[in-house]
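Heads up: the structure comes next, in structure tokens.
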């Protein structure tokens, strides 16, 4: 509440070039998409690094290559997906007419991202007895993430749908031999992948909603100007 | 449910008491908390420092056997990593070689050329050594390939075969290459990295001793070359090693060498954090810091924002430390990488509770005492805090039952951390918060004291007179608005960011923090390097007079065969102790001039025993990493060194010379007294090192001081406030207690109850001075809005008027003759039928109070009786009559006459302003007798001037005299019930049930045009309707089908009439000509609320929960927002925001210009939907038996005023804000009048 009120002051806004740029709707959309894209790329790089480096070499020959150890197309794909999802969530909220109300603050978003990274960390680092246990734990964690930070039915539905789609896509990719997992246990992929996807969708959706708060504000302003 | 409620109450009460306790004894509680933190953290001292430094374990050589994989519980001192075979056994052959005796014919290169050349023969010896059938080839660690990235080292490091490194590797272990090498130093140094390097370099790896000790340079004064041949053995064969040792010792005997050979050291390396691994870690930390930043940013309205943020972070951090400490205490050693899980722990524990606490405490009424504020804030949030904590514990418990060891451990830490965090929040943070708030109040008080010296203190001292009985009337009380500094307007966000940057000097702080982090990383990544560096400094610098002396010069005889201190100690100290060297230096000081140009002597001291300790701790990991062997989480065993002493004759040195060696410039001839250049170099180096150490120390000191200062600022306020006065909880007084047993202080605003109605109040109308209310039965009561006295009662069942004064009826002609009497008696009681043209003026016969107006000036001469001259009403409609000037003059002449005799009974009614546009001059009409429609009920009521307009369900419009209670006129044109009324200027607009809209004109005829002013002396004259006026009410226009469906809302302002209907539209009419200007469409539900004010701002809310803001001039929609789930029940605007309340018990505050929701206030279920704005920043809402005052800028609850004791069932449905900042609200069958005097002061 305090956050919201501090975001938008009652004082008259001076519309500098920055504001007017933001006010432009398509411009705003582009900015948001770009930010989400960057977030997606960054998370993809970092999390991929987590997955890749299970056996650590001491002086890695060159760090850069280990960061980009995955295929070149992976980070852009993740970025695009993040941008799409992050734009889709607020849009869906508006269409359904039930705005997301749960604790819309940046600190909460940060918490969500941290938990998401933690889930990835756990999937990469913690030694589980078997894959079923790992998958179940991660599934519980993901649902807990949703419950803690989202709690909207639309968010859950979208998350599940996108997770299923992404898993299917990964299956297809692996089936066609684009890349492969070291120890697949769920057809061709790891069984925890849907959970990770779900958690990622929730996280990115959270970020997108938070970004859309600003957009909402400026679009209102624009209506007023008209 | 009841159990839950009871639990909730108990929790609240407990928190309340706890808050009182914390706020009362801040210092002891903080001391206690700090003590418990320290106690809980004490076990942490036993833990190794978090870092990646290696750990050691020493065993004897004799009874050594490779440890098994299974843990044997017998040896408690055996570390748990000491299992299984090591990666390698390291056997070092330490070679010390010197050309002796030294003569002056030798060139400096001779110092190391021939000694280095001997390495090849020693290597040969080692390689060819065979014990029984074992050779080195069989035992040594076979390596295959260098890492692909190390092509440039291919020539130097062995690429296959035994891992055996020596300086000979520089020349591919070939003597011929060595002999052909013109510049040995260049060969050695060509692989050295440029610039600052902290970890092991190739020179270190090959020489096996720290670079400074090798003696391979041109300016060495010792002229002793030291290097090692390092052999990595994959398996340990005691006999082979022993025979090798014996063989080498036999070949190259070391005279006075008593190095101990009975211990082998196992070195365990922790997990290395590579850069690749660091990236995710850094990412998590960045996220963590962002989280902390965004969280602590929300702390607001406290004295020291940074202090509280620091306290919050300290709370979380120390709770983590406590959790680790407690876990260690109970025998649970952490195996997880602390640095990795730490951010997640912080995120799990979170800062939320702390922020919620702060917010809750800050939003308590400011005028309360600090203790009470803390207690109340705490108990307000108690339930949610407990609920959250229970939920988190549940989740963590679920995590515990995953039976994954790592997760279990994490959960265990998290549980203990949560509990200790809760403890710290309750004790540490609450106390800090109380101190902070007390400081803020003191500062506030100081700031406002000079300005409000004459006023009652807003914050009385500790002994405030709260126990005194409440004054009969609400004492002048202030809603303490915050100090201007905290209330100042919100700047634009960008500006605030800039201010924030400037205020906090963020840039400098970031640079500072960056420096600290950098140093920390440096220390972390290379602690051993720094340690050895410091140790070397200490050992070299300790005797002050030693700098001029070449070290290790001719001290051999002085050295005892073995230093007793070090040989006696069972385990070698981890650091090379400087003690023996000090001794030796002490000895040296005794013989200051021992052969300045003497032959180099090879000495063996205890420091040579474990020379590898002086190497970087990265030495071994980096050596092995070149072969893709990781030492992380594994260990190596280092066997005792084999000492080899080589004495070379000068002739040998000359023989091995390369032809170019002599081309080098001869060294500065060491003249007696010392080689100045060398010494100056050395002292220069030493000075630089000393300066570095001093700078580090200084920096650490500064950081420490800063930290202490911050702590002091946070923990130690200037004044701890009142102490010694024990404040128990207030006894439950007359005022209702809230659910926490907290009674509001008596100095609160106390409402004035207006009793009289027998049924619930249906309609409420006011014009600022008078107040009219109508109950369900149809009784209308008129009250004085100032005093709350009941002036008039208009009962429903006609006949028995309850007049204060008797009136008789006189005819119109009589009225003309009654000039001098009390014509100006306020409140014209004209009861007007529409088409009657006689004057049934009831003249007041004043038997009860004959002296009532005797003191009034005689205004008769002022009255213009010539009606022919009076202008037509239309011409005057804009300005209205103003007799003020006229009356004022007469009144001033009358000034000396006493006013004391004025009776108090209707004291304020005379002072009423005459509302603008009340038209007193109109054709007179004859009102009928008191034939009001008693059967129908009153549906709408308006009050203007002293006329009450009532709309009845039968469709009848009546005008009553507010003071006299007489029916002045009535209109029965319509048959459909009047649902809403608007009374503006001289027009009445009535909305009917059938959707039609009727415009009436009230015409007031001054029958005799006489004026008489009666008022209290000091107040400005305010003429109003005269009881003698004849008032008629004519239907001017009727819009039959204004709306398709019943009109629900009708508002009029600024010459416009706005109607809202169930047919989803809003219509705007012009008041003068009742012409429909706009039909506003935009809602998808019936209109439930409309707001319009003088500035032509129109807002409407509908059943669909939307709120539209319209421009009345153009009819366009300005903004359209979804506000509520369910109907919008009420709408109010200020100049900057729109306030709406809905059926969802939410009050939303929107920015008026942008339509953005600023914030919302969740009210209790079933609260009334009534809203009122007292001033720009003060909102009042009706609730369940109470009204609440809110600060609009921040959405904080300022105060809640309880209306009565039995307040449970009643909710405030209507709420009116009067001009004098009083609030009137209905409260069952009573009316409640609440004064907000401080706002009144603010208003003017």
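In case you wondered, yes, glycine gets a Cβ from its N, Cα and C as well.
Under the heading compositional bias 'Pro residues', TrEMBL lists B:455-475.
According to TrEMBL, the feature domain 'SSD' maps to B:277-435.
According to TrEMBL, the region 'Disordered' annotation covers B:450-478 (among others).
Annotated region 'Disordered' per TrEMBL: B:555-602 (among others), in sequence order.
Per TrEMBL, region 'Disordered' is recorded for B:892-934 (among others).
Sequence-distant contacts of the repeat 'WD' (B:1080-1120), counting only residues of its own chain at least 6 positions beyond either end whose CB sits under 8 Å from a CB of the stretch, comprise 1045, 1048-1054, 1056, 1058-1068, 1126-1133, 1135, 1138, 1140, 1142, 1144, 1150, 1152, 1154-1155. Positions annotated as repeat 'WD' by TrEMBL: B:1080-1120 (among others).
Long-range contacts of the repeat 'WD' (B:1121-1160) within the same chain: residues 1085, 1088-1091, 1093, 1095, 1097, 1099-1103, 1105-1107, 1109, 1166-1167, 1169-1173, 1176, 1179, 1181, 1190, 1192, 1195, each at least 6 residues beyond the stretch ends and with a Cβ under 8 Å from a Cβ of the stretch. TrEMBL lists B:1121-1160 (among others) with the feature repeat 'WD'.
Marked as transmembrane segment by TrEMBL: B:20-45 (among others).
What TrEMBL records for B:273-294 (among others) is transmembrane segment.
Taken from TrEMBL, the feature transmembrane segment applies to B:306-332 (among others). Sequence-distant contacts of the transmembrane segment (B:306-332) (same chain, six or more residues past either end, CB-CB distance under 8 Å): 37, 40-44, 46-47, 292, 295-296, 299, 338, 342, 345-346, 349-351, 354-355, 358, 409, 412-414, 416-418, 420-421, 423-425, 428-429, 432-433, 436, 504, 710, 713-714.
Positions annotated as transmembrane segment by TrEMBL: B:344-368 (among others).
Per TrEMBL, the feature transmembrane segment maps to B:389-407 (among others).
Taken from TrEMBL, the feature transmembrane segment applies to B:506-524 (among others).
Positions annotated as transmembrane segment by TrEMBL: B:692-712 (among others).
Using a Cβ-Cβ cut-off under 8 Å and counting only residues 6 or more beyond its ends in the same chain, the transmembrane segment (B:20-45) has close neighbours at 318, 321-322, 324-326, 328-329, 370-372, 374-375, 420, 423-424, 426-428, 430-432, 434-435, 715, 720, 723, 727, 729. Residues 336, 348, 353, 414-415, 418, 422 of the same chain lie 6+ residues outside the transmembrane segment (B:389-407) yet bring a C-beta within less than 8 angstroms of a C-beta in it.
Look at the repeat 'WD' (B:1121-1160): DSSP puts its residues at 0 helix, 24 strand, 16 coil. Averaged over the domain 'SSD' (B:277-435), the predicted model reaches a pLDDT of 81. The residues of the repeat 'WD' (B:1080-1120), classed with DSSP into helix (H, G, I), strand (E, B) and coil, number 0 helix, 25 strand, 16 coil.
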